[in-house]
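Please read the structure below before turning to the comments.
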Amino acid sequence: MSISSKDFQNVTSAGFADDTFAADTFAADKKSPFESSVFENKTQVLPVDSVSRLSNGARSRSNSNISLSEPHALNDTVEDQPVSKWVWVLAFAAGIGGLLFGYDTGVISGALVVIGTSLGGHELTNGGKEFITSATSLGALLGGIIAGALADFFGRKPVIAIASIIIIVGSIVQVTAHHLWHMIVGRFVIGWGVGIASLIIPLYLSEIAPSKIRGRLVIIYVLLITAGQVIAYGIDTAFEHVHNGWRWMVGLAMVPAAFQLFILIWLPESPRLLVKKERSQEAYNTLARIYPTAHPYEIKTKLYLIQEGVRDPFSGSRWQKIVKTFKELYFNPSNFRALILACGLQAMQQLSGFNSLMYFSSTIFEVVGFNNPTATGLIIAATNFVFTIVAFGVIDFFGRRILLLLTVWGMIAALIVCAVAFHFLPKDENGNYTSGQSNAWAIVVLISMIVYVASYASGLGNLPWQQSELFPMSVRGLGTGMSTAVNWAGNLGIGASFLTLMSEITPTGTFALYGGLCFLGWLGALFCYPDLTDYTIEEIGELLKHGFGVRESMRHLKRVRQERAWSREDKEQNN
């Protein structure tokens, strides 16, 4: 389907009188069932209120480089419409992959404490624990690299199904493990599934979400990650004293994976991917469900804008297209800045050390002297869950940038306090900690970790997963694949080095190191991270064309809030 900008501009320049607006719709080059019903050359009559939304909404769009005569200028009309509750149900259904992600990262913490001699007849060493945790990260790294290409080739829904199947297989391998390397293979396999899911689900949600709630929809995915971690710690606690209970811990990951496979039947495909695959009728139907009160013209306008955004700029063989896609990502300034932002945020998230706490919190609290380290770890997971809900409520109010810059300082302060507390914990002549949970410094360690996790969950735990919004459709699969690979590479490094760092440079040095890395990340965000709140995916590319757009994004956010305040005042006066 091909529609010229000239045809579109004829619509925007049409006049209107009294209560109606006459608009010539677009004539399609190809005749399809969709085009004959949506873009057939007919005259439509739109109510004045629809026209008002089209013109006023377009003129109020804050990007000063976009005029009413351009297609992008009309995008705001449908985005201003009420969103169907179906979108929220869809987000929770798709986000079950996040629950799997969280369950897998959380459950291993308790399992490592109780595996005992089940793997080969001898106790796990620190090296064995690091191998088990890092195998998942290595599998996820490789899965994340290929997930983007799989998503572009097969579609978003089939790849979610592939991830669920791989997780089920990995769970079975772990349950049947009787040797260390058998367990490592199972962790590696499940890592593939988790890595694929960690890319495809935020990508899917960002493509289907209206711009005004895109941040919150992606946070639902992160919220379900944290819910999975809470469930994992609860399962760990329940099976801690059961013979071979760790097999139940790792095996129960099959349940949500199987459930997600089942509900995929009712999930729609991404409208942007449907348009790219020339399945425009399905895309129209999906958008109509997302915006149930929107006028058909507004949905057609949205479809036109999506079509312009997903138009394949590359020609040639598949290999030539792959090469051109790499060049477009790395040599197009806008796309390369998007890649820097996405990879930088993912690296910042992992190098903050959070996942070392998820993987080894039970081990840490056992070292500190808590009598029930797994139950204590549940407090950490619950904190993560609660403050992810807080982030859900405030991300689109405060904006992404302010939220990130403020919460990272909470992480830094908590890590410094934790480092100091470890320094003052009593030790024996061999350097082993001898305090119990009644020791004041042990309590300080716990409180500082709670503050650290609360700060992380409110900002850095969520924002990197908004990465899909940074990339245009032409490089989205590759760009999100690269940034997700950075996430899992950092995760691999953290998981493989944490216990070694605790031994070699002491817990004080380890947590101080994480605090220093957080500060470096904060500096990078201060100078390079724009606030993308209320930008459509198509507009973000324009913002990044000539720089990182930090100042322009802040002006944009200020204008949007001012416009919303005026809109509320107008409604109050009209009432």
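Cβ from N, Cα, C; glycine included.
Note that this is a predicted model, so its numbers are computed, not measured.
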If you compare the topological domain names in Swiss-Prot, are ILE208 and PRO464 on one side of the membrane? yes
For the topological domain 'Lumenal' (237-246), what does DSSP give as the number of helix, strand and coil residues? 5 helix, 0 strand, 5 coil
Look over the recorded stretches 157-177, 187-207, 442-462, 487-507 and say which has the most C-beta pairs under 8 A to the transmembrane segment (377-397). 442-462
Does the transmembrane segment (350-370) reach the transmembrane segment (157-177), going by 3 or more CB pairs under 8 Å (6 or more apart in sequence)? no
What does DSSP give as the helix, strand and coil breakdown of the topological domain 'Cytoplasmic' (208-215)? 6 helix, 0 strand, 2 coil
Relative to the transmembrane segment (442-462), the stretch among 87-107, 187-207, 216-236, 487-507 with the most Cβ pairs under 8 Å is 216-236
